[in-house]
Amino acid sequence: MKHKLDVTINELRLKSIRKIVKRINTWGDEVKSYSDDALKQKTIEFKERLASGVDTLDTLLPEAYAVAREASWRVLGMYPKEVQLIGAIVLHEGNIAEMQTGEGKTLTATMPLYLNALSGKGTYLITTNDYLAKRDFEEMQPLYEWLGLTASLGFVDIVDYEYQKGEKRNLYEHDIIYTTNGRLGFDYLIDNLADSAEGKFLPQLNYGIIDEVDSIILDAAQTPLVISGAPRLQSNLFHIVKEFVDTLIEDVHFKMKKTKKEIWLLNQGIEAAQSYFNVEDLYSEQAMVLVRNINLALRAQYLFESNVDYFVYNGDIVLIDRITGRMLPGTKLQAGLHQAIEAKEGMEVSTDKSVMATITFQNLFKLFESFSGMTATGKLGESEFFDLYSKIVVQVPTDKAIQRIDEPDKVFRSVDEKNIAMIHDIVELHETGRPVLLITRTAEAAEYFSKVLFQMDIPNNLLIAQNVAKEAQMIAEAGQIGSMTVATSMAGRGTDIKLGEGVEALGGLAVIIHEHMENSRVDRQLRGRSGRQGDPGSSCIYISLDDYLVKRWSDSNLAENNQLYSLDAQRLSQSNLFNRKVKQIVVKAQRISEEQGVKAREMANEFEKSISIQRDLVYEERNRVLEIDDAENQDFKALAKDVFEMFVNEEKVLTKSRVVEYIYQNLSFQFNKDVACVNFKDKQAVVTFLLEQFEKQLALNRKNMQSAYYYNIFVQKVFLKAIDSCWLEQVDYLQQLKASVNQRQNGQRNAIFEYHRVALDSFEVMTRNIKKRMVKNICQSMITFDKEGMPVIHFP
C-alpha cells in the first residue's frame, strides 16, 4: 500500500514538472534559430531582467534552461534529454533528484547551475572527491564560458599545496565553483578565522548542488571537520590503562552494546580499577583523568576494529569510512580516542591537539540559502532527507527501461561455503567472456579474493579506494570482454561502466556482491554499477550466517542461529525454509543497522545544536568587528562599563590594593596609584573611576597611532584576538564535554540535556570573558612598525 502511495505521489510531482518541460521545449524550438552571438547575449539579458525585478529565477527557468540546453549542444555536442530536464527542475526547486547510474547527472546539473549563477551570488557544485570535481569542472567549463559566465575549481589540484595570500579569493571569485564537501567545509572554517576583511575569501553560500547527496549529508552527516590548534596537556596514561583493560572480562568487569557503540564498567570493574591504580574512589574529582582514559581504552579495545574502522598504515592509524569503505588519511578521532587506539596497537602515542574550529557536514549545508542533491538511491533515505533538511525526493524516470536482472540472494551456512560457491560462479562467468565486478565490504576481503583469482589464472584489477583517479580509469574499463575487477564498495564511485564491444550479447556486466552492506542504499548503489542506460546486466548478493552484518547487528536468538548453522549440509541445500530464515535474519540485521545509523545521526544533530548556534553568534560578532571602519568615532564606553560592573560585583570586598592590581592587570601598566578620591565602598564610584582610567588609556593608544587607518586596524585586531582566544577555548571545551557526557551517562536524553545545560553555562561565561579580554586588549596591546612601515601588534 505504501509503495503504491509513493508511486502515486511521485507521478503527481512529475506531472507538475512535465508542464515546465513543455515550456522549455517550446523555448527550445525558438532558440535553435538564434545565432551564436544572439544565444550568448541571452545571459546578459537574463541578468538585466533579474536585476530590474522584471523576472525571478523561477520565471526565467524555462527560457534559461532552453538556452543552456541549446548551448550544450553547440559547445559540448550533448543535448539534454527530457528526463535530464526533469532532474534539472527538481534541483532548482531545492529537492533531491533520484537519477539512476548513467543518466547524465553531470550534464543535468549545468542547467540549474547556469540559472542560479545569473543572480551573481555564490553557486556551487559539490561532490565527494577531488578527482570527480576536477573531471566535471574540466568537462563543463567550456559551456559556462561560452555562455558568458566564469567557472573555477575551488582548489589547486596539487598535494599539500600552500596557498599564497589572495589566491583563495581568486579561486572563489567566479560565478560557478566546483569543489568537494571536505574542501568547502574547511574553507568555511578558515574563512571565519580571518583577521581582516581582506583575508576573507568565501562568497555567499547561496545555492549548491550536492552530487552523491545521500553519501554526504546522510552517511557522513555527523562527520566533524576539525581545524586543530595548539597541543593539549597530554596524559601519559594511555599505555598503562591499555594494560589494565587487557585484564578485564566482558560481563564481569564491563558491559557493552556494540550496536550502540556503548561500553561501561560494572561494579567489579570499578573495584578492579581502584585496586590496580590504588585509588580510593574511581569517580572522585581527583581520578577523573584516569576514568576518562579507562573509558577511552575500553572503546578503543572493543568498539573499534582493525581493518574495519581503521588500518595501521606506514606507522599511522588511518581511519576507514564504515559506510563507503574509503580510507580517510589525515583524519583523526577527537578527545583522546585516536591516541587510545594507537596505544591499543602498541604504537607511540601522537600528540592530541586542541580544536580551533569545527563543523559537521549537516550544519555546513544548512548554511546555504538553498541546496539540492543528486543520487541514484534517494528514495530509500526520503524520510531522513525530509526530517533533517525538509527535502523531498523525486524519482526521475530513466531514458531507457532498466534491463538489469537483480537475482535473488544466494544463501549459505558458512562464509567458507559461500566463498567456494561464489568463486565457482565467477569462474563460470569469466569463461564465457562476460565482464565481472566483484564487490566486497572491506579492503582486506578484496585483496584476498584478488589473490585467489590470480592463483586460478584469472588476471584482475584490484580497487580498494586508495587512488581515486587511477581507480576511476580502471572501473571505466570494467565492462570490457573478459574483464575481472575486484573492488570495495566505494572504489571508482561516480564513474560509469560502459560495455565494450560484444559484451551486450553476452548479457552485460555481472556484479557479484560478497555480502549485504550495513545500509540498503549502498546495496542498491552496488547493483546499479550494472545496467546503465538500458544496458543488460545482472547482480547477485551472496549471504551466510557468518556475515559481518549478522554477527554485528542480528538480534535473533543465538541458539536458533547455532541450530541453523549446525544443520546437515545436504538438508540445507534443499531447504527453502532455511533460505527464508537466513534471509529474514540478514534483512532484520540490516534494518537494525540502518535504524542505529539514523539514531546516531539524530543524536549527533542534537549535540551539534549548541555549538551550531554558538558558532553562528560568534561568527556574526567577528564579522561585525571586521566591518568596523571608523574606530576613532566608536564609543567603547558601554563595553567597558559592562566589564567593570562584572569586576565590582564579582569581588566580595573592594579594597584599594585590589582595584590598583586590577588596573595594572587590565588597563594600564603606568598607573600612578592615585586613588585617594575613590570611595571603595561605593561600587558605582569604583566603576566610574575605572571608566576614567579606561578613557585615558584609550586616548593614549590613539595618540600613539600614526593615523586613523592604523587605529582602525589596531581595534579590529585586538577585538578579534579576544573573540578568537575565547572561542577556541570554548570549541575545545565543548568537544571534551561531549565526550565526557557520553562516557558518564548511558541515557541519551539525560546526556543531551546535560550537554546543552553545561554548554549554555559555558557560553555565557565565554561571552563575559570576551568582553573582559576586549577591554584588556584594547588598553594593554601595543603597536609597533616594522622596517617596511607595517603595523605589528603585541598582545598582553
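Including glycine, each Cβ sits where the backbone N, Cα and C put it.
The local packing around Asp496 (ATP binding site), expressed as other Cβ atoms within 10 Å of its Cβ over all shown chains, amounts to 17. The ATP binding site feature in Swiss-Prot is assigned to Gln84, Gly102, Glu103, Gly104, Lys105, Thr106, Asp496; the stated evidence is sequence analysis.
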Maximal Cα-Cα distance (Å) across residues annotated as binding ATP, namely Gln84, Gly102, Glu103, Gly104, Lys105, Thr106, Asp496: 17
Cβ-Cβ distance under 8 Å to Thr106 (ATP binding site), same chain, at least six residues away: Asp136, Glu139, Met140
Tertiary neighbours of Lys105 (ATP binding site) (same chain, Cβ under 8 Å, six or more apart): Gly87, Ala97, Met99, Asp211, Met374
Which same-chain residues, if any, lie at least 6 apart from Glu103 (ATP binding site) yet have Cβ under 8 Å of it: Val83, Gln84, Gly87, Val396, Thr398, Asp399, Arg532, Gln533
Lowest local Cβ density among Gly102, Gly104, which the record lists as binding-site residues, within 10 Å: Gly104
